[in-house]
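Scroll down for the structure; my scribbles are underneath it.
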Amino acid sequence: MEEELKLFIQVWVSAIISVTYCYYLTPKIKTSLLRLLSVLPVCVLFLIIPIFFSTVHSSFTIAFFLSGLAVPKLILFALEKGPLFPLPPNLPHFVCFACFPIKLQKKPNPENTNHFPKWVFALKVFIFGALLLQAYHYKQFLSTNFLLGLYALHIYLELEISLTLIKFLVSITLGCDLEPQFNEPYLATSLHDFWGHRWNLMVSKILWLAVYNPIRQWRAKSSEWDRFFAIFATFLVSGVAHEILYFYLTREKPTWEVTWFFVLHGFCMAAEVALKRKTKLVQRWPVNPAVSRLLTVGFVFVTGVWLFSPQPIRHGLMERFINEDLFLIDFFNRKLYILLGLFTSL
């Protein structure tokens, strides 16, 4: 564990140095091709380093933050696009915006504004730490379907809690408002609402800038088929990216199940958008929000169990995530008891 922590620190020091190089050198290069070539060594480094970790939390964090987000951000930056362009006002801002899944909130977006009180986040932390993780102690008594539901809840809560805490700390450090990463995805009323406005919003924005927009701008007069293809291609790229993420975590040959999950969702979302744009059925016979939420979340859950979950379950990833979470909680509890003992003895 100590060696893993040392490696984790070394990687982040290397990442900061690499991003600092991009901050000072890349903007001074005039042509897009040379700027792109200047950031490629950093991108290659970020794509390689997740392989050197043994714990799934370390591998996932580095793969998600650096391989999955920092790489496309830097490529877009070299092309004078994306969240790093125009150049942030100083180096700390550039490093944070490049290395963390955050984005400066320039204008409040009503679609992404979370109107829920802060106690809702505290409730999620309680559910995750006090209920969900403890329920795994009794998993031998739980049905397979119930356990799959717990796994889905685990992925969502751990992602939202960790990313919200990072956003909070970076926001305080930089003294600026940041956009939310999640917007209560369980309230989504359609696939477009789920993927476009509620789930992992930083990733959605990067995919929009890196894949969807270039395809739509490729032709001067875009048609509905171009829109359909752009949506489908965006989900296909997301599927391949998740397949690479699974490789980092499992070190096993890809099975492409998770890619088919995103291919299916890309096709369904593209069809949904086309149906809403070309027909007036939705306006004439609107679906009750409660029903549409149930159908949307149900579709995501069922297809997730079918195509998204088999790989992590087959390779024991969820078991490793759970064991590491329980170990970390036990570690911090022991440290807390030691500190409390020191204070009470004074």
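Note that Cβ sites are derived from N, Cα and C of the backbone, with glycine treated the same way.
Over in Swiss-Prot, the protein carries these features:
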type     : residues : note
TRANSMEM : 7-27     : transmembrane segment
TRANSMEM : 36-56    : transmembrane segment
TRANSMEM : 59-79    : transmembrane segment
TRANSMEM : 116-136  : transmembrane segment
TRANSMEM : 146-166  : transmembrane segment
TRANSMEM : 228-248  : transmembrane segment
TRANSMEM : 255-275  : transmembrane segment
TRANSMEM : 289-309  : transmembrane segment
Highest-contact recorded stretch vs the transmembrane segment (255-275), from 7-27, 36-56, 116-136, 146-166, 228-248, CB pairs under 8 Å: 228-248
Best-contacting stretch, by C-beta pairs under 8 Å, relative to the transmembrane segment (7-27) and drawn from 59-79, 116-136, 146-166, 228-248, 289-309: 59-79
Best-contacting stretch, by C-beta pairs under 8 Å, relative to the transmembrane segment (116-136) and drawn from 59-79, 146-166, 228-248: 146-166
